[in-house]
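To keep things clear, I will list the structure first and then write my remarks on it.
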Amino acid sequence: MQEMGVKVMNPVIFHECPKWAALSLPPKITKKSQYPSPKFFMSSTHLHFHTKEAGNVNKKTLGSGPAAPRSRPRYYKEESDNVDEIFKSMEDWATHNILPLLKPAKDCWQPQDFLPDPSSPGDGFYDQIKQLQARTKDIPDDYFVVLVGNMITEEALPSYHSRLNSTRIFHDNTGIDTSPWAVWARGWSAEENRHGDLLNKYLYLSARVDMKQVETTIQYLIATGLDVGISSNPYVWTIYTSFQERATAICHGNTAKMAMLHGEAKLAQICGIISSDEKRHAGAYTKMAGKLFELDPNEMLLAFAYMMRRKISMPAHLMYDGHDHHLFHHFSSVASRIGVYTASEYRGILEHFLGRWNVEKLAGLSSEGREAQEYVCGLPRIIRKLEERAKSKAEEAPPVPFSWIFHRKV
Ligand SMILES: [Fe+2]
Ligand SMILES: [Fe+2]
């Protein structure tokens, strides 16, 4: 399972630690010193940092969750001055170019297409479960840790929909708004809902994991919330989601390849079909961001630099199971070690977007814009230098117990 890279979720990333920016102040990025030095780049495949607010909530209401955050980084700006007009001008374009990337429910796969059928005659249902368990019983624990982490990330969908709805552009005022942005947000959430559902049921039937611990982690995660530096700025949102959806596609794709290597073709099919959804979603967000780069290149560059400076943290980075205060870090480390998501994937995704959005060629920029351009275009070279160190760190990490697999160590 090694040779592939990870999910979303999660690559070795920088860990200078972004403490989050105060949402109220959107200072412009004007000085080079505001961009971090690569010395902070770390080898945990998933970023993990926490906001002060999240840390406090954990302590007060959830017991002892993830560690409290360090400081907050400077924030970009809440929104470009003309963001409403720009998104308004894109509505026809989005209707014809983005909404077709959603699939009607009648044309979509559903979890039941890949699971034992409870309505099978005779003992068919039970036989199918026995076969599933026979196929999974020898798959290594580290694979299941990563699969569970991916599933938990999918299951925190309520947090993602809530954050998307908190942006002024994607906000769904009535619950049935007809703007293409609201239609997209609902359709995207509806498609995503199948991912956690399918993985959850598969893992339950496999009998390989401690479902109560997994379910407890999901509850903690949704209650704790989501804090990945996107605020309500729709420019930052399109960049974050483009990156994150592509990373997720890679992660599920890699767990699919590994499942095949372990002889479990059905699981490979499951991870593969989820990965293809993620690719389609990534394509939609990438198109949105690309259009914004055409219409407002300077502000998009500032948003891009802000997001990369802060690092793309995975959406489940605040996960906690009631036992491990560094659960996400440990999960990320395993994902990196087995090759589901590594620093190389992170760099590769960044390079993909630099090319796709033609960032190096953007012209007519302000001095801040040019500085942001120079920063993001130079990042892959810096990351490449640090990949080896990140890889070694993940490989040398001592085994830790995971409650998800009955506290066995991996
Ligand atoms: Fe998903
Ligand atoms: Fe997704």
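Heads up, the Cβ atoms here are built off N, Cα and C, so glycines get one too.
No curator has checked TrEMBL annotations; they are predicted automatically.
Per TrEMBL, region 'Disordered' is recorded for 56-75.
The Fe cation 1 binding site annotation in TrEMBL covers E154, E192, H195, E278. In three-state terms derived from DSSP, E154 (Fe cation 1 binding site) belongs to a helical segment.
Take the CB of E278 (Fe cation 1 binding site) and look out to 10 A: across all protein chains shown you find 25 other CB atoms. Residues annotated as Fe cation 2 binding site in TrEMBL: E192, E245, E278, H281.
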Distance, E278 (Fe cation 1 binding site) to E245 (Fe cation 2 binding site) (CA atoms, angstrom): 6
Candidates near ligand 2 among the binding-site residues E154, H195, E245, E278, H281, judged by a Cβ under 6 angstroms: E245, E278, H281
For E192 (Fe cation 1 binding site), nearby residues of its own chain (Cβ under 8 Å, 6 or more apart in sequence): E154, L157, Y160, D277, H281
Set of same-chain residues at least 6 away whose C-beta sits under 8 angstroms from H195 (Fe cation 1 binding site): E154, I274, D277
